[in-house]
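**Student:** Encoded as structure tokens, here's the structure I'll be asking about.
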Amino acid sequence: MVAAVTPPTVPDRPTVPHEVLLDTCAVIDLDQLDLGDLAQARPLVSAVSIGELAYGLDVDDPVERAARTERYYAALRRFEVVPFDTAAAKVYGTMAALVRRAGRSPRPRRLDLQIAATAAASRLPLVTRNAADFAGLDRLLDVISV
């Protein structure tokens, strides 16, 4: 049964959005991405992405750990963090139900869906390198593939 929450619909995207929410993969690879006109938008990150980056610090290789630590603290300094709040949690429930109804398990996609729900609840387009992770959510979410 799909939750009785009316999620936000995707607003028409302006030519260049004023703000965007970066998926974790976009945060990690931001310096290598060609954002084109999106470079003018103010990038924000989800608290869920900050959690993913923090978890990623736990690696054995000291060189890799140092690089990840720098990326983590740079993200905290550079980006405003958008919380995963009650509104996002409600949208997450709807998104997880849509994924399940499409015949896929939402379990391995939980963090991606929480990031997507944060974007949708905040009415922000989501910038990602993995647009396929958000297939079937286009009614609720504006995904910008880079």
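Heads up, the Cβ atoms here are built off N, Cα and C, so glycines get one too.
Found this in TrEMBL, in case it helps:
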type	residues	note
BINDING	Asp23, Asp112	Mg(2+) binding site
DOMAIN	38-135	domain 'PIN'
**Student:** Over the span of the domain 'PIN' (38-135), count residues by DSSP class, listing helix, strand and coil in order.
**Tutor:** 64 helix, 11 strand, 23 coil
**Student:** Taking every residue in the domain 'PIN' (38-135), what is their average pLDDT?
**Tutor:** 96
**Student:** If you count the C-beta atoms lying within 10 Å of each candidate's C-beta, which of the binding-site residues Asp23, Asp112 ends up with the smallest number?
**Tutor:** Asp112
